[in-house]
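Written below as structure tokens is the structure these notes are about.
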Amino acid sequence: MFDVLEADIVVLQETKIQRKDLRDDMVLVPGWDCFFSFPKYKKDGITGINPSTTKDTAFRDLPSHEQIGGYPSEEQLNLSLVDAETLDSEGRCVILEFQAFVLIGVYLPAVRNELRDDFRLGFLRVFECRVRNLIALGKRIIVAGDLNISRDVQDSASALADVLGERLSREQYISTPSRALFNELVTDSSDYDSSEPNNNAQCVLWDICRDFHPSRKGMFTCWDMKTNARPGNFGSRIDYILCSLNIRDWFVAADAQQHLMGSDHCPVFAVLKENILLDAKETRLRDVMGVKNHSLDEGDPQKSVKSQLHPLSGRRYPEFRGRRDIKQMLFQRPASSGVSTNPKRMLSNAVRPEEHSSPPSHAKLKRDRSPGVTESRPLKKTYARSPSALYHSRKRTATAQPTLNNFFKPYNSEITTGVENQLNSVQEIETSQVACQLTSGEKYDRYSKDDDTIKAWANIFTPQQAPSCEGHGEPCISLVTKKAGLNQGRSFWMCPRPLGPSGSAEKGTQWRCATFIWCSDWETRQSRHSKGS
């Protein structure tokens, strides 16, 4: 995945894992450092909090040189109807400070039901306060993540369809509480006037992707997988990379990678310049990022942890501290030891089983098998043999070298006779069973000649034939209604093609047509047709 993205910093949201679910391939990624955020309480679909610190002191109570800063004040926290501890319990935000900028990875709550509206709006307000406080301290900010908000009508296919259908106005759409608050925080080149900074004093973040593509339509990053809306690009733009206004000139490109599949979202990227203008002086970006020229995986992993790792790095977790990844296990030279590893000497010292020619005595065998004494011996596979093969095998071993089999009960010739008698009785039973089966089959064959019976059985086991859609003549697909109401749980047939850019059924196009048939209605229609024929 990292090779495909070709990035130096990757921010992931909605990983749906807890700390106990972490594996070596998630933490010990060669050449990468990683930072995780887990929930305090188990909850699917969110990232959670980061419990990697070994201190009980809150970050905001640390000395100023050990904290990032910009923490919301009590007055700012009171803007939220939800208390700060609850807002932080889902740990939807990871903040890391580098020498060049402060990186904020965030996953804002989605619009799911009215019960979460207070949490959603409260989290957004506190997030806004933290960003503004950091910028007031002179920090350079980069925000990346799933913000679950479309800024304008052109960022949402459903909103654009409502506006074109005169079911909604643009003013109504952008005036919703969360969207209005978000647009007070974020701006871009389409509505930012650099000649009049006072008009944009409230906006502190720059929409990098929209800045490079101010008029592009359909620049969506998320699609509804239930309606198969991605092929027709009926989605929304809710994933962003934002930056503070003082570093908006650091970027040379930004876009959405809609061609990368594997999720209902697509990645969004932004490219930084190699040389940036910092304090009116051209500076190499790597120099102010504090990036070293050697990899995290070179040298002693213990020294690497102590000298290079960030205090919140996942490699510092006790369960992964000092561990080696696959690359180190395969290519790192092991420490020298005094034990000889000459293969010829090892082979010469090996003892072959054939060298133990004398069998143990009966008394010695009893002593070895006494209680409290165990001996590790290789197990031999045993295979079932026929009576004749078993007889000849025992006959050969009589003149061969004595083995442990000689100490057990001698071979009894009556076994062969007993086995043969058993085989004869089995053949008689099988013959009688076949005769009974043939007799019952003759009775069944007389009844199966009835045409009505044949048709009835055929109707039961034959799969139901799907109707064809009206627009394309293709077999429909069956889905189940999950929307709450009278029809919840009912199955229906619909056109198999994906939803088009308009977001609704279309006629005479390559996209989904208006075919819709309840499965119960189709079954009734089919039964009437079969009776009529």
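Here, residue 1 is simply the first one shown, and the rest follow in order.
Using the three backbone atoms N, Cα and C, a Cβ is placed for every residue, glycine included.
Automatic prediction, not curation, is the source of TrEMBL annotations.
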According to TrEMBL, which candidate in Glu14, Glu66, Glu74 joins Asp146, Asn148, Asp264, His265 at the Mg(2+) site:
Glu14
Expressed to the nearest Å, what is the distance separating Asp146 (active site, proton donor/acceptor) and Asp239 (site 'Important for catalytic activity') at their Cα atoms?
4
Relative to the Cβ position of Asp239 (site 'Important for catalytic activity'), how many further Cβ atoms are located within 10 Å?
21
